[in-house]
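A short worksheet on the structure shown next.
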Amino acid sequence: MILETAIKNFRRHLAGRVLYLVALALLVMVSYDCLTTYQDSFINQISQGNPALVALLLLFFSLLGFGVLIIFYANRFFIHQHRPELGLMIISGLSRSQIALIFFLETLFGELLALGFGLILGLLTNKLFAMLLLRLMGLHAATNHWFSLAALWKTGLGFLIVFILVGIFDSSRIFSLRTVRLLYPNDLEGIRQRNSWFNRLLAWLGPLLIIAGYVAIFKLSWIHFMETLRFSDRATLNTGLIMITLILGIWFCFRNTIPALFAWLQGTNWAYRQQRILDFATTGQEVQFHHQSLTLTTLFVTASVVLLGFASVLYSDGFRNLEEEAPIDLVADHQYHDQVLQQIKARGGQLKRLAHLPVKIMPVAFHGPKSEVIMSQATMPIEIVGMHNYLQIQRHQKNLLPVILDRNQALFISADFQYQHVRLHELMKNQVQFADAKLPRLQIVAFSRVYPFGSNLFFGNVLVVPDNIFEQIPDTNSRVLVGYRLMKIAPDSNFLQKIDDNSYKSKASRQMRYTYPKQLQKAKITIYQDVKRDLTNAYISSNYSVRGPAQVLLQRVLGAIVFVIGLLAILMTFAWASVCSLRELSEVERTRFDYLTLTKMGIEQHYLLRYSNWKNRLLFLSPVIFGIGNGLLVMRFVGLYLNHLPLKLLYLLTAVVFVIYWCFYLFTAYNYRRIIKMNRPPEQQAR
Amino acid sequence: MRMVEVKQVSKSFGARNNLVRALNNISFTIDRGEFVGVMGPSGAGKTTLLNIMSTIDHPSVGRVYLAGQEITALPERDLATFRRENIGFIFQDFNLLPALSVSENLIMVLSMLKIPREEVQKRLAYYSEHLNLKQLLNRYPNELSIGQKQRVAAARALMTQPKILFADEPTGSLDSKSATELLQYLATINLENETTIMMVTHDAFTASYCNRIVFIKDGAFYSEVVRSGSRQQFFNQIIDMQAAIGGGKISDFRNRD
Ligand SMILES: Nc1ncnc2c1ncn2[C@@H]1O[C@H](COP(=O)(O)OP(=O)(O)OP(=O)(O)O)[C@@H](O)[C@H]1O
Ligand SMILES: [Mg+2]
């Protein structure tokens, strides 16, 4: 009978829980995919034990953890929904353990169903998963590995442990339930806020903390923790501080501020004249009752948006950096030219000459707004290339900015400029004065952060000038870089790795010492080759560069991380939205009585349905919007820091998050109406 | 034989600054086979009293003995068994598990008691016959009218053949015909099976089916009326007492017998 009851209960609630089970199944599916891919020997082999694959393992465990969280919350709402039934069972004389068993079985059926489906989906989608991952990692290989017994049972076992763990939580909850509370549910009255000074303080504190958090995001320096990831760091401390402030702020807002505000609204005459506002105001208690899950929703949405933001930054920015750093297979200047070329040819590699680039160097001074900031001194050394050569390279390096310069115009290339908080239009008002007085001043008309042949080969700032000016610049310290395409040699071979490593060694690098006089004419540039790297204040660049294994590795790490982060964010959104939906549906039974009373009082049904829709929408979507706002704000700030943040991609992904929640809201509202109508008293049912 | 003994029970709700005393040192007894009604103005503490006597709630102070056991001292573990064996309930509205059909609702507890199948079937046949539920056995609770639900609830409560039956306004949402049927049935089992019944009600007509009415006011025992003559006389006595206690309703004065 216990089993039968559990089965019947399960069947009865299936319709409202479908999406939650689907979400669980998706979690299982991705977990299985992660494990299989992580263990797949073929993928391990072609990615050469890439550390990034560990991210998959991390994802697996975070999915298990997230599974605990959502099942825990879902069951909490199930218990809430079942309260009268549980009470009835208790007073009919069922022992708590029998009741806990019924409940456990009831939830277990759903979970097992989800597990089974998830594993099947996992088997089906495994290939797609691996292909996506490989594509993002820049590996071109086909994998056909989809079945792994080990991964199958590990995923199954992992989730079974999760189910049992949550089952134990639930049982202890069922054991501690008080019978009176179950049979005479008055939770909303029970938590009605006392108007104590403490609660009033918290109500004010909520928004204040949020504002403080926002201000802190913009004023404190925190983002560097992403680079150091050290816990003792000041930036890490700040990040933690901002997070705690925001979390507390959001929590108090849902717990105290909004209920207090709504209670106040409800008391005003003005609200009584505005039906909508009154409807709005009456949801205050529900907000308070659900403040925990509302807070979590906000946080999860914020986290999703931030994660997606970082994924899209990594995706476009990381890959772009890669392209900017080593866009061409091989570049060498005359000094190393023969040596490197011979090594490669000896290994069977073939080379195709693409273009050459003469580079000159000279001190310059900028004149115009913020010029001191741009130069960070009174003058600065700059490497100069001619427009014609630049455009030649642009044919092979598509990410170079294509510009046609008139007389007296110049293109400024700098990777540091974006960190100087100077606006572009201010830069464009600057003129460049050369140390050689014969040369005319040039107007900066364009800016780019992409260097021809890659940034490794330059000291810092580069100027592209019209060819007639380039010819007038003296040849002191000049050099010629030649770019090649590499063929018949694997891009990730150890051999190339060695050449690449050697190019960073101090012997192979070029160093420049620059004196900073007040007057431009007195500035002096000294270039050292083949010396030990012990010069302070020196500029360093490479003499040659190979697009080798380091880049390949980086690309794969980036790919794996982007994949994992993006997936986690989307899954999190989906799973949590389904839990929100359960929360709303668990309230139906209770509102049903209010609903009946109100219909008996003669209030029209369509009005009541509209009201419940409106209430659902408020509870469902307000934390989502709040969370999206938070997330976008954080990313906006990150965007200030990286002024080329691909916000368009982020907006798109954010819209996806919102649409997922919106779909869940529609599903919930539909089921809500269905149940409310189903529970109409029989007299009203057509027979 | 004593079925129920309530000894100096008090119950308070709320925190210190807004304390509500729902029951204030109340004591009384019920003998085996009595059909007792509890009446009193709204907020007098009737539901609270019933909840405490029926193990749903705990008193702040005092003791309750049921069938010779001190239930206020029983741990939750033993309470489950005790409830199964001794107590039946009928509530005003929520009485049935919505996922189970009527017959499943009726036999659920019994089948967990490991009572032999034939015995369960016998009782099912007996009670469904008596309460006129034969056609409803395969329906689900949401397919029943409120009166039908209430009849099923009574059958469910009686299936375990409890020693005492508690009912909190069982006729509250019934029309007068269904109410009369249910009450008549309760009176019958009270006589035939010697089931002790305690019923909370507002309604003097409903109360007139009892043998004795306990009136409480402000959480304390106020007085009691014992039936001696006809139902009509008893009904009038009840109405007089209600008027005296100051909690009567206009509708109660309509003679519905
Ligand atoms: N959970 C509770 N918290 C606070 N006060 C309560 C609670 N339950 C009951 N009370 C208070 O205890 C008193 C008695 O309540 P009770 O429900 O027993 O009254 P009643 O006699 O059943 O009334 P009615 O006839 O209206 O059902 C009332 O003043 C009520 O406000
Ligand atoms: Mg009551």
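Cβ coordinates are placed from backbone N, Cα and C, and glycine is handled just like the others.
Taken straight from TrEMBL:
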- A:14-32: transmembrane segment (TRANSMEM)
- A:52-78: transmembrane segment (TRANSMEM)
- A:59-175: domain 'ABC3 transporter permease C-terminal' (DOMAIN)
- A:99-125: transmembrane segment (TRANSMEM)
- A:145-169: transmembrane segment (TRANSMEM)
- A:201-223: transmembrane segment (TRANSMEM)
- A:235-254: transmembrane segment (TRANSMEM)
- A:294-315: transmembrane segment (TRANSMEM)
- A:557-582: transmembrane segment (TRANSMEM)
- A:618-638: transmembrane segment (TRANSMEM)
- A:650-670: transmembrane segment (TRANSMEM)
_Range from A:14-32, A:145-169, A:235-254, A:618-638 with the greatest count of C-beta pairs under 8 A to the transmembrane segment (A:201-223)_ = A:235-254
_For the domain 'ABC3 transporter permease C-terminal' (A:59-175), how many residues does DSSP put in helix, in strand and in coil?_
101 helix, 0 strand, 16 coil
*asked:* Quick check: do the transmembrane segment (A:618-638) and the transmembrane segment (A:14-32) share at least 3 Cβ pairs under 8 Å, counting only pairs 6+ apart in sequence?
replied: no
*Could you tell me the mean pLDDT over the domain 'ABC3 transporter permease C-terminal' (A:59-175), as a whole number?*
87
